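Colleague: So Swiss-Prot lists the following for this protein:
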| type | residues | note |
| --- | --- | --- |
| DOMAIN | 76-249 | domain 'CRAL-TRIO' |
| DOMAIN | 275-383 | domain 'GOLD' |
| MOD_RES | Lys11 | N6-succinyllysine |
| MOD_RES | Lys51 | N6-succinyllysine |
| MOD_RES | Lys253 | N6-succinyllysine |
| MOD_RES | Lys257 | N6-succinyllysine |
| MOD_RES | Lys393 | N6-succinyllysine |
Amino acid sequence: MSGRVGDLSPKQEEALAKFRENVQDVLPALPNPDDYFLLRWLRARSFDLQKSEAMLRKHVEFRKQKDIDKIISWQPPEVIQQYLSGGRCGYDLDGCPVWYDIIGPLDAKGLLFSASKQDLLRTKMRDCELLLQECTQQTAKLGKKIETITMIYDCEGLGLKHLWKPAVEAYGEFLTMFEENYPETLKRLFVVKAPKLFPVAYNLIKPFLSEDTRKKIMVLGANWKEVLLKHISPDQLPVEYGGTMTDPDGNPKCKSKINYGGDIPKQYYVRDQVKQQYEHSVQISRGSSHQVEYEILFPGCVLRWQFMSEGSDVGFGIFLKTKMGERQRAGEMTEVLPNQRYNSHMVPEDGTLTCSEPGIYVLRFDNTYSFIHAKKVSFTVEVLLPDKAAEEKLNQQGAVTPK
């Protein structure tokens, strides 16, 4: 039995009745605590009454703390309204709202430099509530229960800039919030135009997703437009995505409904860095350098780094060793990222590199040009691995290579 209204086993019926009884004290604080609503929490915790109750009570506290009942009337800051990509557009064949996330033009760093993380998260909470409100309106309009949404992730242009650690962490917070407070609202999620970097990006966010959510993700290949049309009527799908829907002015991207983001002008910036915690600190003597080695076992892995220096600039470059088991000078190794000096004492530096071949990669902090000052450098380096299942699927389908 699916655990949905009209498809409950006797044991599930009993669990639903008991659950309603156990949480009756908090039901008045919830917008529409019908059987459909309660069953979402039960399904999310496999009908474990104790876990379902704990989850729902935590959600009630969340609604109170974040003032969720009034969040729809809240207006996000201008920079978020203008540049946070995505939007609701059309309905699938069952009448469920369709939400688009447009990844490529999203300027994640610009958003975190221009708005608070709390305002960004609050905007996503507001989006969730607006989608649930739309589900309620669709239920009344169609005369059948609509309680889930279809999502389309447009990954064209997904690049290394999207792997910036603070952005991934902020997105992880949103996913955690979504999983904990809007369970069983995702019907399915289509990933379209996924580049070769997608398996690495997916592996970063996968820990924040429940097993049930992961099963609802479909990574589509070159025939993605045909697949979408099996789930969404052409008149409900923008021309950009294979349908016939346009804006009133004929725009095929339906920009009146879907925000396509873009680079944020620096006049919106309220900060030029995001506070970081670093895993390592090292004192580099004058006229010296410090090398950190990372073994890359297969192509497609991504090196991600952040560093800052104190008092003055520092050189940084990445090299590939040509001899194993011994320290090599920079001139003896293959240069991968040219060495240059960074003002990381003023603004912390960060970056990513897709490793095209296996081997020992050396990240080299350079102070050889300084004959007077030692430098303290704090840094974090990670090796990001691709999700193998997603990678295999993309290889089978012939993934789009990012430009």
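Keep in mind that glycine also has a Cβ here, set from the backbone N, Cα and C atoms.
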Colleague: Counting distance between Cα atoms, which of the modified residues Lys51, Lys253, Lys393 is nearest Lys11 (N6-succinyllysine)?
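Modeller: That would be Lys51, nearest by Cα distance.
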Colleague: Within 10 Å of the Cβ of Lys253 (N6-succinyllysine), how many other Cβ atoms can be counted across all chains shown?
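Modeller: There are 17 of them.
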Colleague: Taking Cα atoms as reference points, which of the modified residues Lys253, Lys257, Lys393 is nearest to Lys51 (N6-succinyllysine)?
Modeller: Lys393
Colleague: Using other CB atoms within 10 angstroms as the count, which residue among the modified residues Lys11, Lys51, Lys257, Lys393 scores least?
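Modeller: Sparsest of the modified residues Lys11, Lys51, Lys257, Lys393 by Cβ contacts within 10 Å: Lys11.
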Colleague: Measuring Cα to Cα, tell me the gap between Lys393 (N6-succinyllysine) and Lys253 (N6-succinyllysine) in whole angstrom.
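Modeller: Cα-Cα, rounded: 28 Å.
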Colleague: Do you know the DSSP helix, strand and coil residue counts for the domain 'GOLD' (275-383)?
Modeller: 3 helix, 61 strand, 45 coil
Colleague: Look up Lys257 (N6-succinyllysine) in the DSSP assignment and reduce it to helix, strand or coil.
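Modeller: Its secondary structure by DSSP: coil.
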Colleague: Can you tell me the mean pLDDT for the domain 'CRAL-TRIO' (76-249)?
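Modeller: So the average pLDDT across the domain 'CRAL-TRIO' (76-249) works out to 97.
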